[in-house]
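What follows is one structure encoded as structure tokens, with my remarks underneath.
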Amino acid sequence: MRERWDSRSAFVLAAIGSAIGLGNVWRFPYIAYQNGGGAFLIPYFVAMITAGIPLLILEFGLGHKMSGSAPFSFARIAKRYEWIGWFALLIAFGIVTYYAVIMGWCFGYLYHAFSLAWGKDVSSFFYKDFLHLSSGIGEIGGINPHILIGLALTWIAIYFCIIKGVKSVGRVVLITVPLPWLCLIILAIRGITLPGALEGIKYYLTPNFAALTRPQVWLAAYAQIFFSLSIGFGIMIAYASYLPKNSDINNNAVITGFSNCLTSYIAGFAVFSSLGYLALMTKKSVADVAAGGPGLAFISYPTIINLLPFGAAVFGVIFFLMLLTLGIDSAFSLVEAAVAGGMDRWRISRKVTNIAVCVIGFLGGLIYTTDAGLYILDVVDHFLSNFGLVLVGLLECLIIGYVLKAKVLREYVNSISEFRLGPAWDFSIRFLTPGVLILLLSLNLIERIKSPYGGYPGWIGWVVLLLIFIIALLFARIGRSDVD
Amino acid sequence: MSIRNLIIPLALIIIVLLYFLTEPWIAMLVFGFAVLVGGLIWAFHIAVKVPGGFDERARPEATGDSGLSQVQRETGRERG
């Protein structure tokens, strides 16, 4: 008997928790600012409605119809497609190995926030004292014990979150979804009440409509939606497979998509109001201090916290607690997708699968705790996200659109959902989304052929992708499942 | 024409007025919240109309007689 969600709220919160992650805070605001400011909202909303929500519906619908994890669901379409499900799960698993390390950094910074241990030279603290960053990717050095402790704490947290599958996940998300929202709202209010905040928000939202004529801006909007909704990992397929038979699909996807985008939008206020304050205090322009990615979380934000007139430590703790709670449900959803795949394929108990996946994930993350960890993380992330994930999304669209037939899945989800989809959904899955993903993939490929990513040896990312592909093929052949 | 059908044109007029009468970033701020919060309100509004409400534990099985089809017909009419 397959596990079931306790309630619709549990499923929706888990899907929202999985979609909302660190990228909502450190990627969206910066991408919006770089691509037309307020005008970016137009392609972003178009991308959400024409590709993001249709893809969520595809994954929810597939998981629910097939009642299985990603490999199982693809195998039920045709056995020869099972490897696509495994490829998705292995990409997800590869990502969680370093995602857990970033969360380990958050654990470390949460501890340091109590005493503002990063001091005045925040950049030096992050790269030298905290990461012990070596001079290049070839100089691996040793494992950093404090990062190792953070990594271990993250994996222990993940293990306990998924210990009883969707039963425990359903309870955990009651805390890990509202808590970061609360932290985000506190930080946004604190941010917009600081001097200079208005200038920062103007940078974030002042529209540059001329940017909308550039195809790159539209592509950036589709890429942001694709990377932000936890699509292509097999997570949403696994989560939807635990839904009871009479569950809605379409409206749950709409709620998940809109909640994710609203979180990103609000995060922009927290980030840019604080950057406005930083610009004012350091007598620079907002453009000079604007940052995204780990640089925003571990350098810019601690610098802002240092400059706060009162309660610096409190806001430091709130910020890193927010990052931790934002990240944990994305992390355990990535692991749950892999656990569901393992359980479906090899008929192993949840307890054994949980332990095996968590231990392998922890061991896989050790390389990122070394002195060259940041370099390796950077290159692996680039290849898994820009090639692996986009390829999975593309294959999903092609298999559902042309093999299973989009119309078949549309009729299925319409039969159980609170509102109906029209043929426009078929168009999105068969033409629009694959077209955008092919374009993304081609542009990334051309870029990598021209020059290796970040000056790192070009072979590293390709080898990782090739290994994942081979393992996916092997997994599709060994063991047995009901599909066999 | 019901008030519900006027909401979107009214919101658009307000945003355009804000764009020209105040500063463009204020119009975009309102636009962002209007789309996202409006979308969520619409989704929850549809969800609570189904027999059993948002929580599916109380919802009858999705067979021909579930009540879902009635909501689908209603929402279909709204869209049409």
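Cβ coordinates come from backbone N, Cα and C, glycine included.
For A:37-62 (among others), the entry in TrEMBL reads transmembrane segment.
Residues or ranges marked as transmembrane segment by TrEMBL: A:83-111 (among others). A Cβ distance under 8 Å defines the sequence-distant neighbours of the transmembrane segment (A:83-111), meaning residues of its chain 6+ beyond its ends; these are 22, 69-75, 118, 130, 146-155, 158, 232-235, 237, 294, 297-298, 302, 317, 320-321, 323-324, 327-328, 330-331, 334-335, 337-338, 341, 357, 361-362, 364-365, 368-369, 373, 377, 380-381, 384-385, 388-389, 391-392, 395-396, 399, 464, 468-469, 471-473, 475-476.
Positions annotated as transmembrane segment by TrEMBL: A:143-162 (among others). Sequence-distant contacts of the transmembrane segment (A:143-162) (same chain, six or more residues past either end, CB-CB distance under 8 Å): 100-101, 103-108, 130-132, 168-169, 172, 176, 328-329, 331-332, 335-336, 339, 354-355, 358, 361-362, 365-366, 368-371, 373.
What TrEMBL lists as transmembrane segment is A:174-198 (among others).
TrEMBL lists A:218-242 (among others) with the feature transmembrane segment.
The transmembrane segment annotation in TrEMBL covers A:254-279 (among others).
Annotation source TrEMBL lists transmembrane segment at A:299-324 (among others).
Within the same chain, residues 93-94, 96-98, 100-102, 104, 131-134, 136-144, 147-148, 151-152, 155, 158-159, 294, 335, 338-339, 342, 348, 456, 460 sit at least 6 positions outside the transmembrane segment (A:355-377) and bring their C-beta atoms closer than 8 Å to a C-beta of that stretch. Per TrEMBL, the feature transmembrane segment maps to A:355-377 (among others).
Among the features that TrEMBL reports, transmembrane segment is placed at A:383-404 (among others).
The transmembrane segment annotation in TrEMBL covers A:425-446 (among others).
If you look up TrEMBL, you'll see A:458-476 (among others) marked as transmembrane segment.
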Range from A:174-198, A:254-279, A:383-404, A:425-446 with the greatest count of C-beta pairs under 8 A to the transmembrane segment (A:458-476): A:383-404
Same-chain residues at least 6 beyond the ends of the transmembrane segment (A:174-198) whose Cβ lies under 8 Å from its Cβ atoms: 10, 13, 16-17, 20, 25, 161, 263, 266-267, 269-274, 276-281, 308, 315, 318-319, 321-323, 325-326, 328-329
Stretch among A:218-242, A:254-279, A:299-324 sharing the most Cβ pairs under 8 Å with the transmembrane segment (A:383-404): A:218-242
Other parts of the chain folded back onto the transmembrane segment (A:254-279), taken as Cβ under 8 Å at six or more residues beyond its ends: 12, 15-16, 19-20, 24-26, 28-30, 32-33, 41, 44-45, 48, 52-53, 56, 181, 184-185, 187-188, 191-192, 194-201, 203-205, 225, 228-229, 285-286, 288-291, 296, 300-301, 303-304, 307
Whether the transmembrane segment (A:37-62) meets the transmembrane segment (A:425-446): three or more C-beta pairs under 8 angstroms: yes
Beyond the flanks of the transmembrane segment (A:299-324) by at least 6 residues, Cβ under 8 Å: 22, 25, 103, 106-107, 109-110, 113-116, 118, 120, 122-123, 125-126, 179-180, 183-184, 186-187, 190, 194, 274-275, 277-278, 281, 289, 291
